[in-house]
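*Asks:* Structure provided below as structure tokens; questions to follow.
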Amino acid sequence: MNYFPWLTIIIVLPIFAGFLILFLPHRGNKVIRWYTLCICIIELLLTTYAFGYHFQLDDPLIQLAEDYKWIDFLDFSWRLGIDGISIGPILLTGFITTLATLAARPVTRESRVFHFLMLAMYSGQIGPFSSQNLLLFFIMWELELIPVYLLLSMWGGKKRLYSATKFILYTAGSSAFLLVGILGICLSASNEPTLNFETSANQSYPVALEMLFYIGFFIAFAVKSPIIPLHTWLPDTHGEAHYSTCMLLAGILLKMGAYGLVRINMELLPHAHSIFSPWLMIVGTIQIIYAASTSPGQRNLKKRIAYSSVSHMGFIIIGLGSINDTGLNGAILQIISHGFIGAALFFLAGTSYDRIRLVYLDEMGGMAITIPKIFTTFSILSMASLALPGMSGFVAELILFFGILTSQKYLLMTKILITFVMAIGMILTPIYSLSMLRQMFYGYKLFTATNSYFVDSGPREFFVSISILLPVIAIGIYPDFVFSLSVDKVEALLSNYFYP
């Protein structure tokens, strides 16, 4: 066990520093913005140092473990730890949150509250990735919802209250399934009630009961991921939220659902996952085609990007259903890859809106001439979204293809059919991505309009864009950096819990 509480500090620091915002002198928003940005940078550097010097890549076991008794008779403890599956999302959380804080500098209304909520959300998002106790996982899962709801309801478009209410109804309803599943696992343990991940992973349940738990957890995580038909909150939320909030939603929040499917459904309920995996493959293929077909019909720019996120999450679901090392590693790479790409696209959509004050694509056109930097970065990241070779999206989807084709669970014809449908989805992706670029940047609609001069991307915005673009290219060229984190844990997970 690690004797220095690295993970506790990493979780507690942002929200504690957020409370100190209330005591900062009232000297305008500049002090608050710089304070929040410095806290995020310190947190990211602290996380990188702790993982860089104290995390062993070749060890599939839980590392940086902490265990402090809390409520003894319930076996509820402050139990933290990370492994190869959770380290990537935690680093992604720190990176995207830091850039989202920098992106939020134009926010001036209630700046003190806004930045406090950003830091509280930071703690709430790291919590589930590092929890090793089921009840602590649930508490962190719920803690993160409160700042998200307030960020959605207080800053955004005209229908922000509607989208925030829809978000909280969906997520709070799904949390009931999560809590019931956790209590069920705790009380159904064969020896004594337990809430620890490690102990629960070694428990065996009757098949019918395990399937019931699996369905409950799946519903809870399907809302967050999101998985159709529980996805309808996402386009509305993205369409109305401020773009810095959208960066956190697309880059981190959706990945929490996928992480939950791996950490609980796959690791704790292996037999049920093996039974339901063919259905995951079916749902994933339907989701890819459905979202890719629906996206071109969206007039709202951010809603179109939101549906592209739904389509990309379909690839992750298929990777989880493949039940082999290649497929699961590809799914984890897709989680990281889309975290960067989704956050970047929403940031660029928001910076475009700051200039032209238009949300509908059919009202845009001709922006490439007036804002060439935004046009260039938007084009490159759209290419990354449609899996251009050399970008992280291409590597992730290619490995997912290999994962399906090498899976031992499915017949050859089934694998060919799934691969064919996925290929159709990959063909549809350039249709909505390239048409989005055409409607926004090509033509002369805005260029010939009166007052058509727009200021191009400034140093701050260009820095945020490039900071996200560089990891996308780096992972596309050298994906082994991500695989070196997860490959040993994935191998241990599948060898221990799945039987052909």
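Note: Cβ is positioned from N, Cα and C throughout, glycine not excepted.
Below are the features I grabbed from Swiss-Prot:
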{"type": "TRANSMEM", "residues": "4-24", "note": "transmembrane segment"}
{"type": "TRANSMEM", "residues": "37-57", "note": "transmembrane segment"}
{"type": "TRANSMEM", "residues": "84-104", "note": "transmembrane segment"}
{"type": "TRANSMEM", "residues": "111-129", "note": "transmembrane segment"}
{"type": "TRANSMEM", "residues": "167-187", "note": "transmembrane segment"}
{"type": "TRANSMEM", "residues": "242-262", "note": "transmembrane segment"}
{"type": "TRANSMEM", "residues": "272-292", "note": "transmembrane segment"}
{"type": "TRANSMEM", "residues": "305-325", "note": "transmembrane segment"}
{"type": "TRANSMEM", "residues": "330-350", "note": "transmembrane segment"}
{"type": "TRANSMEM", "residues": "386-406", "note": "transmembrane segment"}
{"type": "TRANSMEM", "residues": "416-436", "note": "transmembrane segment"}
{"type": "TRANSMEM", "residues": "462-482", "note": "transmembrane segment"}
*Asks:* Using Cβ atoms and a strict cutoff of less than 8 Å, what residues sit near the transmembrane segment (272-292) while being 6 or more residues removed from its termini?
*Replies:* 207, 210-211, 213-214, 218, 227-228, 231, 265-266, 307-308, 310-311, 313-318, 320-323, 404, 409-410, 418, 421-422, 424-425, 428-429, 431-432, 498-499
*Asks:* Please report, as numbers and ranges, the same-chain residues at least 6 past the borders of the transmembrane segment (330-350) whose CB is under 8 Å from any CB of it.
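*Replies:* Distant contacts of the transmembrane segment (330-350): 85, 88-89, 92, 96, 99-100, 103, 238, 242-244, 246-252, 254-255, 258-259, 262, 301-302, 305, 308-309, 312-313, 315-316, 318-320, 374, 377-378, 381-382, 384-385, 392-393, 395-400, 402-403, 464-465, 468-469, 471-472, 475, 479, 482-483, 486, 490.
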*Asks:* Between the transmembrane segment (305-325) and the transmembrane segment (37-57), are there three or more C-beta pairs closer than 8 Å, counting only pairs 6 or more apart along the chain?
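*Replies:* In this chain the transmembrane segment (305-325) does not contact the transmembrane segment (37-57) - fewer than 3 Cβ pairs sit under 8 Å.
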*Asks:* Is the transmembrane segment (386-406) close to the transmembrane segment (84-104), in the sense of at least 3 CB pairs under 8 angstroms with a sequence gap of 6 or more?
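*Replies:* No, the transmembrane segment (84-104) does not contact the transmembrane segment (386-406).
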*Asks:* Same chain only, please: residues at least 6 beyond the ends of the transmembrane segment (111-129) with a C-beta under 8 Å from a C-beta of the stretch. Say none if there are none.
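*Replies:* Contacts with the transmembrane segment (111-129): 10-15, 17-19, 21-22, 24, 29, 32-33, 35-36, 39-40, 43, 82, 86, 89-90, 93-94, 97, 100-101, 104, 136-137, 139-141, 143-148, 150-151, 154-155, 244, 248, 252-253, 256, 259-260.
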*Asks:* Can you find at least 3 Cβ pairs under 8 Å between the transmembrane segment (416-436) and the transmembrane segment (462-482), where each pair is 6 or more residues apart in sequence?
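*Replies:* Contact criterion not met.
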*Asks:* Which sequence-distant residues neighbour the transmembrane segment (167-187)? Criterion: at least 6 residues beyond either end, Cβ under 8 Å.
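*Replies:* Contacts of the transmembrane segment (167-187) (Cβ under 8 Å, skipping residues fewer than 6 from its ends): 75, 134-135, 137-138, 141-142, 145, 148-149, 152, 193-195, 200, 203, 209, 212-213, 216-217, 219-224, 230, 233, 236-237, 264, 268.
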*Asks:* Determine which residues of the chain contact the transmembrane segment (242-262) at the Cβ level, with the cut-off under 8 Å and only residues 6 or more beyond its ends counted.
*Replies:* 85-86, 89, 92-93, 96-97, 99-101, 103-104, 107, 118, 121, 125, 128-129, 141, 144, 148, 151-152, 155-156, 217-218, 220-227, 234, 302, 305-306, 309, 313, 316-317, 320, 328, 331-332, 335, 338-340, 342-343, 345-347, 349-351, 353
